[in-house]
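J.: Quick one: the structure is below, and I'll ask about it shortly.
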Amino acid sequence: MTSLVSMDRFEVFADGLDHPEGLAFDADGNLWAGGELGQIYRIDAKRKVKLVTTLGGFNLGLTFSSRQELFVCNFKLSALIQLDRSGKVVRSWDRVGRYRLRTPNFAVFDREGNLYFSDSGEFHGDDGFLFVLRPNGKIEKLLSDLSFPNGLSLSADDKTLFVVQSTEDNVLAVPVAGGKVTGKARVYGSGLHSVPDGAALDATGNLYVTCYASHNVYCVSPNGEVKLFVADSEGTMLASPTNIAFGGPHHDEMYFANLSRWHICRVRAGIKGQLLANQR
């Protein structure tokens, strides 16, 4: 399968991070990233890296609310954590009723302030969950028995939630509205070799999915056609890529976290990303 983009176009954007997993841009254009020991980094447009705080644990997905609050999925603390812009912990959630969160992995906001987030469960356990944190601070279960649900991305109209299933090498399309599931989930893209992890949408509805084990990135078109976006056969620039974020002055640059190494890389592909809740 021929890739759509050559690895020659990639460059290191920031280095010296502790195995970054999650990425998120704030409204000012700063890129935030998490580290393996709970670090929260902020990287400005001049590539200056600042350590904002350290939470302990292992930070996975990051996302911003429309009020520019940072929400962090922390694996080892088994918690969803809310921070203010200074890095101070505002609130955290580690339970849904009697259920103790295990692997909160990624989260995404809709326009109404509902925060969808995945709890992956055990690898190959088929025991993952999809939850929603409502604006009132209450969490509800939406789906269960998922196959290591990981990265999430929400369509521009807030009606389709894309859920990466890492152990099935696929992405589900889940009909949603107002923080509720409104229909049956279906397989949207499959054959994403291998261990798909993060996902992000461009402005025309193409879904980009990173694959942790193969160092590949795939593009799934709105009609479900899967194409290889890029492949790093050596796993050096794209080194176990986990999450994607669109950024840059024109929102047409793609940034990738690389869990196996210490850097974030970038490609100026000229593809405009879909604006997220905190960027609209």
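Note that the numbers count up from 1, one per residue, in the order the chain is shown.
Note: Cβ is positioned from N, Cα and C throughout, glycine not excepted.
The following feature annotations were taken from TrEMBL:
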ACT_SITE  D197  active site, proton donor/acceptor
BINDING   N150, D197  divalent metal cation binding site
DOMAIN    39-256  domain 'SMP-30/Gluconolactonase/LRE-like region'
J.: Could you pull the average pLDDT for the domain 'SMP-30/Gluconolactonase/LRE-like region' (39-256)?
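T.: Here the predicted model's pLDDT, averaged over the domain 'SMP-30/Gluconolactonase/LRE-like region' (39-256), is 98.
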J.: Please report how many Å separate the Cα atom of the residue listed as 'active site, proton donor/acceptor' from that of N150 (divalent metal cation binding site), as a whole number.
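T.: So the Cα of N150 (divalent metal cation binding site) lies 6 Å away from that of the residue listed as 'active site, proton donor/acceptor'.
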J.: Within 10 Å of the Cβ of the residue listed as 'active site, proton donor/acceptor', how many other Cβ atoms are there?
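T.: I get 27 for this one.
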J.: For N150 (divalent metal cation binding site), what is the tally of other C-beta atoms lying within 10 angstroms of its C-beta?
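T.: Within a 10 Å radius of the Cβ of N150 (divalent metal cation binding site) lie 30 other Cβ atoms.
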J.: Where does N150 (divalent metal cation binding site) sit in DSSP terms: helix, strand, or coil?
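T.: DSSP assigns N150 (divalent metal cation binding site) to strand.
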